[in-house]
Amino acid sequence: MNESHEAGKNSSTNVEEREEEVLRLARQFTEQSSYSTAGQTPFAAEAGSALDPNGERFNARAWCKAMLQMHIGDKEAHPLRTLGVAFSNLNVHGFGSDTDYQKSVGNVWLKTLSLARIAFGQKQRKVDILQNLEGLVEAGEMLVVLGPPGSGCSTFLKTIAGETYGFHVDKNSNINFQGIAKQMAHEFRGEAIYTAEVDVHFPKLTVGDTLYFAARARTPRHIPGGVNATQYAGHMRDVIMAMFGISHTKNTIVGNDFIRGVSGGERKRVSIAEACLSNAPLQCWDNSTRGLDSANAIEFCKTLRMQADINGTTACVSLYQAPQAAYDYFDKVLVLYEGREIYFGPTSMAKHYFLQMGFVCPDRQTDADFLTSMTSHLERVVQPGYEDRVPRTPDEFAARWKASPQRAQLMQHIKSYNAKFALDGEYLDKFKQSRRAQQAKAQRVSSPYTLSYVQQVKLCLWRGYQRLKADPSVTISSLFGNTIISLVIASIFYNLKADTSTFFQRGALLFFAVLMNALGCGLEMLTLYAQRGIIEKHSRYALYHPSAEAFSSMIMDLPYKILNAITSNIVLYFMTNLRRAPGAFFFFVFTSFILTLTMSMFFRSMASLSRSLVQVLPFSAVLLLGLSMYTGFAIPTGYMLGWARWIAYINPISYGFESLMINEFHNRDFPCMDYVPSGPGYTDVGLNNRVCSTVRSVPGQAFVNGNAYIESAYSYTASHKWRNIGVIFAYMFLLGAVYLVATDFITEKKPKGEILVFPRGHKALKKGKSDEDLEGGGGRSATVEKIGSDGLAMIERQTAIFQWKDVCFDIKIGKENCRILDHVDGWVKPGILTALMGVSGAGKTTLLDVLATRTTMGIISGEMLVDGQPRDESFQRKTGYAQQQDLHLSTATVREALEFSALLRQSAHVPRQEKIDYVTEVIKLLDMTEYADAVIGVPGEGLNVEQRKRLTIGVELAARPQLLLFLDEPTSGLDSQTSWAILDLLDKLKKNGQAILCTIHQPSAMLFQRFDRLLFLQAGGRTVYFGEIGQNSQILIDYFVRNGAPPCPPDANPAEWMLDVIGAAPGSHTSINWFETWRRSPEYARVQEHLAELKHERRHQTNLFRTTSGQKREDKDSYREFAAPFWAQLYQVQVRVFQQIWRSPTYINSKTALCVLSALFVGFSLFHTPNTIQGLQNQMFGIFMLLTLFGQLIQQIMPHFVAQRALYEVRDRPAKTYSWKAFLIANIVVELPWNSLMSVLMFLCWYYPIGLYRNAEPTDAVHLRGTQMWLMIWTFLLFSSTFAHFMIAAFDAAENAGNLGNLLFLLCLLFCGVLATPDQLPRFWIFMYRVSPFTYLVSGMLSVGISNTNVTCADNEYLRFDPVNGTCGEYMGSYMSNLGGYLADEMATANCSFCPIKETNVFLGRVSSSYSDIWRNFGLMWVFIVFNIFAACSLYWWVRVPRDKKPVAKAE
């Protein structure tokens, strides 16, 4: 190890001395650099020099030294600061139980009882996570934390970094951050950071932009070197990318599991680089080498070491499968065993501590693996004679440590440290001064952030613009959709006449315009939830306030909202002939725009106040109903019930609607177009004896005053016009403030932790062997025996040989072709375990995908044969493919997942019981009996990483693959014990004749030795070696040494050595072209000869077998795409989907709350509405508002479906488990029973409160019409669910499908006959009235609800006039006999009170509805439902079902 590392190992406990040493070394390093950097600054480095991050000779250590020297030489730069930590009596606990039952629709109410008991004082059971931990990590030191999954490594790192959500740190615990304690969690949050194992980034943002943003967010106030902040951040980005070997990905999007971007290993390095750019003096890394190859894992630790030596950074790192070279970089090690500390001290002494105790370290086992093996009775090896003297249980190990002299020495060091760095003492002031000097001048002293709030907003604006450029689809589709809707609305109400005949139409137009502008931002909620985890991570790094991102997104959306307001409203205003006055037009656009902003704040605040989307949807639906119903149009103010009138007062939309109505009607006189009485016999009647047929008309006037009309019909006052604008502004600022504050303080829902959960009634089986058992001396042999011969007799023995030759894979990036795989050759034989290795991004996973026929893009060339024959349609189902991502249905149990795979992927000729028995054997083989009935859960909850990986392999084994087994990174993210157990399993499968090809990262020497053959790829997908590994890797080593590689040291790991040899490790170089060396080697020639032999021999044997056995190529059972027939697939998938829905109470409860609360709200808002003219209109709008639930119903289904589809398309479809038809039909059918139940609840909660049943009483048809109403509601819900599947079938994102769905939904609403009757529609649009499903819903529901009963006018609905002579009855007799209506008093001789409508059927006729059409309407709804199902299936097949892609002919 280099000198600086040794200095780190023997660092003084005196922090001031350490800082002086750092300064001295910086000066010395600058003078003695092995690279000539004299006269250069890092920011002005000569191209190609050691300080140029874009050059090939870049040297990270030289750059760090130069950077530190420049910093020290600048008197204005902020003082350097370091941070160590001492902890003692550290206890961490949670509440609950080790096992919990799975929530379902049937038992979720029990959780409510449990919460009630807790609320009334019942204590929860305390679960200890960490117990009595003690340790000291000084500034500039590195601590490695070792332990198997579940030992508390993550909890320890989170505790040190101050992220204690979900658990509790005991109040008596002592943590001293070099004189700082309570301030660390808030004031200095970004100074101690925790980097989680999961990679969370904006997937459409490029790597370069992602890292530039992180660098810019932590840019200090004064930058040494004379560069500005932009240059500094750009340079830091380039440096960190060069350090971690990802410079080539600068312009590539980051991507995620579902959006293709950089490779998994590169994405992990992006996460590491982003955290490093925070420049935190104390860094906690949780298994951050997961997914990295050995070379990059070592380089990561080397970079941390360099930071520690030069900058005094403190690093605490948990590692699984740590290479020896990586372990050697650390100063201290903490070993955890089920939350107990069993060792803390120097790494160099840890191994000796346990050897002295009586344990044995096997040859070639790394120190880290040896230390971790102490936590498993199956792994640790005891010296002969020590069997009764070594500790066995966690408590015994902890007690041995407590009594050790090493622990006594540690406690003395902690005591000295605490005495030197007293809490809230001198060092706290120094730390604050250093932070203050780094912060922007406008930033608060106590803030954890570096930039000022304004700077944060500007930076987030820059990122928002980059994101918009990368993916403008949602914005463009929203703008396009809104413009189309505006054009449609404008064409429906085209060129309205300026007379009384258009009063209702003008109100309806303004109502719809207000809703369109106000509610068009609803989908913003989905976007906010999608990015919430990323923003919270950045907040933990103290990059920016979440509210700064929120504020910037508000600004970022302004151009779109302004453009949308202009384009939509100009079209709407002038095409419909609204008030032609400049002031009125600009007021209309202005009001619409501020309503859009206000409601955007409403939706955003709703999203920020809740912790998950499922929580907020039902309540937002009711709120939207309230906002829509209480605008003043659907229910005029006079008809609002007393208990609900306040809703209008707190409704911003109601103020906007009132202002727009005043804007349109104020001080205008509208000519009368229809008089009462009129027609034959009344032509000579004067104005004094007839009246305009409009509310608030005055006898003797040929016009109606606009002010009088809106005052009588809506209770609106002209003086409120500008007052309302002020109220809307107040709401905008209030809701905006709520949004910003809630964003900063309310976090998203976090995982509960990896605790086993079982279906209610199932219990965990106890372990067969416990840690209390006596120690044996055999160590790993116990594992081998444990998964020994059980069930192996049933494992399918394979005979087929799979071979490939000259396999190439090309994809198009931009206009250029990029070759990912370059002429790769190889084979896999039964009984042979082949490793596929290479650096990150070398194409390992791509090669597996190509060989397994799982690519959906690109051009494949080359030859791939099974027993000398081309792969047929059944190849995918006959191979097992254990993917790197452990993707499983979260609600299923382990046993159910295995049985599902066995029932659908094993041959249809195998009896069902045999398949079930086979699953039981697989469970035993994989040692999963203990949790066979446990629920899988989502990552972070349920099964842990190891259990998920076993399940992933088990699912493939349960399928009984006839050909071979592919495994992609089966040991990634696992500790050494579990990795060894996985290899034990693979070894057993191999010995039973399984053919296995397995990619692997970070194998230890012992792990690597267990493979038989190696296919080694370098960058660009080029073969470096394919052949046997040999005893102690000797054949492999001899090949490389013979071709110019330096000898492999005896204690080196050959897997790491060969990466260095070919120049694949960061910082390593080679002059040898190993690809060309391989192509010229005798080994390559032998491979080609053997491939030719295999092709000829196996093809001959296969043809001979077919001839002698009578087997024909047309054998459908052997060669068909799926093992199970379609109806068997549909049955199994349907059962699983029903189980999933039943076990998703949140989804069902959300659906129930949405339907029930909305129905109750509408029902009681219109409680027992009278049958006045306005009352009938209110009842019609009661139906209309119920239909507006459609948008929320499909929004609930779409995200749920997208998650299921992602699982199917990534795992089940490539494995040919079942067809897309079974998947789609099952997901559509599963909604049927729930929609039936919801329809009953909705019917009861809506139909009876409104009082529609009373209208059936006169005809004695209460039961019949009630049943008919329920049937119409039922078809509405069925139509909604099938329409949601129709919309989402082709789209990737629920947002885009939601935009299109909302567009079509609005069209259905517009043309249903409520806002504009068929007679009022332009002839061009009459076809839309006929094809809108809501036409038949409204017609059916309205006719069932109000037909065949009488109307009683309200007082303001009577038209009053004087007769010419005689009584009112005599005067109006002729008119009433022709046009209907009735008089309040036929015998009156003056002031006749005439009601224009006598029967509800007249009202129905005006909206083209008739009760006689009810069954026609019901039947047509079923036509629409069937069409949705057919369209969903057709679209899915056309857009998402991959077409057969045959490899092209062999190409050079």
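Cβ atoms are placed via backbone N, Cα and C, with glycine included.
What Swiss-Prot says about this protein:
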- Gly838, Val839, Ser840, Gly841, Ala842, Gly843, Lys844, Thr845: ATP binding site (BINDING)
- 110-363: domain 'ABC transporter 1' (DOMAIN)
- 802-1044: domain 'ABC transporter 2' (DOMAIN)
- 1-20: region 'Disordered' (REGION)
- 474-494: transmembrane segment (TRANSMEM)
- 508-528: transmembrane segment (TRANSMEM)
- 554-574: transmembrane segment (TRANSMEM)
- 583-603: transmembrane segment (TRANSMEM)
- 616-636: transmembrane segment (TRANSMEM)
- 725-745: transmembrane segment (TRANSMEM)
- 1153-1173: transmembrane segment (TRANSMEM)
- 1183-1203: transmembrane segment (TRANSMEM)
- 1223-1243: transmembrane segment (TRANSMEM)
- 1271-1291: transmembrane segment (TRANSMEM)
- 1297-1317: transmembrane segment (TRANSMEM)
- 1418-1438: transmembrane segment (TRANSMEM)
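Features recorded in Swiss-Prot, as mapped to the structure shown.
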residue	record	Cβ neighbours (10 Å)
Gly838	ATP binding site	25
Val839	ATP binding site	25
Ser840	ATP binding site	23
Gly841	ATP binding site	23
Ala842	ATP binding site	26
Gly843	ATP binding site	25
Lys844	ATP binding site	27
Thr845	ATP binding site	20
Intrachain residues whose Cβ lies under 8 Å of the transmembrane segment (1153-1173), provided they are six or more past its termini: 617-619, 621-622, 625-626, 629-630, 635, 639-641, 644, 1179, 1182, 1185-1186, 1189, 1192-1193, 1196, 1238, 1241-1243, 1245-1251, 1254-1255, 1277, 1346, 1349-1354, 1357, 1395-1397, 1400, 1403
Neighbours of Gly838, Val839, Ser840, Gly841, Ala842, Gly843, Lys844, Thr845 excl. site residues, C-beta within 8 Å of centre, ATP: Ser263, Gly265, Asp293, Thr846, Leu1017, Ala1019, Gly1021
Touch test for the transmembrane segment (1297-1317) and the transmembrane segment (474-494), at least 3 Cβ pairs under 8 Å: yes
Three-state secondary structure, which DSSP defines for Thr845 (ATP binding site): helix
Selected stretch (most C-beta pairs under 8 A with the transmembrane segment (616-636)) from 474-494, 508-528, 554-574, 583-603, 725-745: 508-528
Paired segments the transmembrane segment (583-603) and the transmembrane segment (508-528) in contact, 3+ CB pairs under 8 A: yes
Distant-in-sequence neighbours of the transmembrane segment (508-528), which means Cβ under 8 A and at least six residues beyond its ends: 474, 478, 482, 485-486, 489, 493, 496, 557, 564-565, 568-569, 572, 576, 578, 592-593, 595-596, 598-600, 603-604, 606-608, 613, 616, 620, 624, 627-628, 631, 633-634, 652-653, 656-657, 660-661, 664, 1191, 1195, 1199, 1294-1295, 1298-1299, 1302, 1306, 1310, 1315-1316
Distal contacts, the transmembrane segment (474-494) - CB-CB under 8 A, six or more residues away: 468, 505, 508-509, 512-513, 516, 520, 523, 527, 560, 563-564, 567-569, 571-572, 575-577, 1293, 1295-1296, 1299-1300, 1302-1303, 1306-1307, 1310-1311, 1315-1316, 1321-1322, 1324-1325
Distal contacts, the transmembrane segment (1223-1243) - CB-CB under 8 A, six or more residues away: 1130, 1133-1134, 1136-1138, 1141, 1148, 1151-1152, 1155-1156, 1158-1159, 1186, 1197, 1201, 1204-1205, 1208, 1212-1213, 1266, 1269-1270, 1273-1274, 1276-1278, 1280-1282, 1285, 1289, 1429, 1432-1433, 1436
Taken over the domain 'ABC transporter 2' (802-1044), the model's mean pLDDT: 87
Reduced DSSP assignment, Gly838 (ATP binding site): strand
